[in-house]
């Protein structure tokens, strides 16, 4: 018996998205401009050098988010077109929304916001949080619900980043705490509030196929290759950026090897799990972000990569089924295993690295140091205070993201947002005109 299409306004997505875009256009028209060209040759040369040093890394990040992450989400065999398209749509919408918010909040001077490459880059980091979070509800949420998630999560992320980085002063150049931990627990909060206590049964369209696993693994490889650019792009050029690139490469290399080892050992026949490879190989890049530019030895980066990969694989094998059974927690893409657990591990590693740093007076100074403690006392106090800030930042990121995610998930429940009924989940034909299904016009939707 054919499943009837869900009752909803068929033009809800284009109307809501169109209104959002018009509002964003008005904001850009009223407030945004570019810097005036410099009349000084020296200033123009400095700008050019900055662009030439940043733009290649910026392009790498574009490939990661649009192509790599989109393909990684294509493991659902009948939802690959939707996963790629929704990822692309959310990336562009969230970037524009973040540009408007962060421009008006932080860069609004004399009635204008001056747009540059750095502001676009930080806006894309805000968009990353949305792309990660929606992985928890992938396939079971409508495009309109995903837009609401983006509209709510971007300001929540900016508020969290302000509290964690500006007020607490944590060190997190690669976004381990500010991006990965925040987005993971925001997404889990959304999932919990949206699905509440309803146990989601296994869906017949959920099981990956050989071709969908292949596409997803290609996405993993793209992300793996370009991940050092994501971690290092905001580092100070020079030694810090050099260390960040090297540490990230070492951590990700160790996580790739350890994933194969752990996945094979957990299977009674010694075979590899595609989901382990697709996610565990990237876990080192998540964990290393908080310590990437610190003066840690190479073995520390390798060890952190291995530990994060083992944590990710064990999470898929044991923790995900436990959370689904005990907490009725839906995590479609396993974002808790790739972003949450390695993110917590990286945050803890940053506190250890700070406490273990040299306390000589030539070392780095940490903020929040009281006066009149002397040079040695300043270094010791600064290290302890910074370590406490790292732990506090982790707690704020988790607590704030869960709370904001629960509120956002509750906002997704109205029927007007067209959540698909269970039989129609994980199917491209619900949102796309499929050439091989011309006989089923009733499945078109928002």
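From the backbone N, Cα and C atoms, a Cβ is placed for every residue, glycine too.
Feature annotations, courtesy of TrEMBL:
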type	residues	note
DOMAIN	24-412	domain 'Ammonium transporter AmtB-like'
TRANSMEM	12-34	transmembrane segment
TRANSMEM	54-76	transmembrane segment
TRANSMEM	88-108	transmembrane segment
TRANSMEM	120-139	transmembrane segment
TRANSMEM	146-165	transmembrane segment
TRANSMEM	177-195	transmembrane segment
TRANSMEM	215-233	transmembrane segment
TRANSMEM	245-265	transmembrane segment
TRANSMEM	277-296	transmembrane segment
TRANSMEM	302-324	transmembrane segment
TRANSMEM	336-357	transmembrane segment
TRANSMEM	391-412	transmembrane segment
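Contact between the transmembrane segment (277-296) and the transmembrane segment (146-165) is not supported: fewer than 3 Cβ pairs lie under 8 Å, counting only residues 6 or more apart in sequence. Counting only same-chain residues 6+ beyond the ends of the transmembrane segment (88-108), those with a CB under 8 A from a CB of the stretch are 17, 20-21, 24, 27-28, 31-32, 65-66, 70, 114-115, 119-120, 122-124, 126-127, 130-131, 134, 143, 146-147, 150-151, 153-155, 157-158. Non-local neighbours of the transmembrane segment (302-324) in the same chain are 250-259, 262-263, 266, 273, 275-276, 279-281, 283-284, 286-288, 291, 330-331, 334, 336-338, 341-342, 345-346, 349; each lies 6+ residues outside the stretch with a CB under 8 Å from one of its CB atoms. Confidence in the domain 'Ammonium transporter AmtB-like' (24-412), given as mean pLDDT, stands at 90. The largest share of C-beta pairs under 8 angstroms with the transmembrane segment (146-165) comes from 391-412, of the ranges 215-233, 245-265, 336-357, 391-412. Of the Cβ pairs linking the transmembrane segment (245-265) with the transmembrane segment (336-357) and spaced 6 or more residues apart, fewer than 3 are under 8 Å, so the two regions do not touch.
For the transmembrane segment (54-76), the residues of the chain that approach it from at least six positions outside its boundaries are 83-84, 87-88, 91, 117-118, 120-121, 124, 127-128, 131, 135, 138-139, 205-206, 208, 212-213, 215-216, 218-220, 222-223, 226-227, 229-230, 232-233, 274-275, 278, 333, 426, judged by C-beta separation under 8 angstroms. Remote same-chain residues near the transmembrane segment (215-233) are listed as 54, 56-58, 60-61, 63-64, 67-75, 80, 121, 173-175, 208, 241, 244-245, 248-249, 252, 256, 274, 277-279, 281-282, 285, 288-289, 292-293 (criterion: CB distance under 8 Å, separation of at least six residues from the stretch ends).
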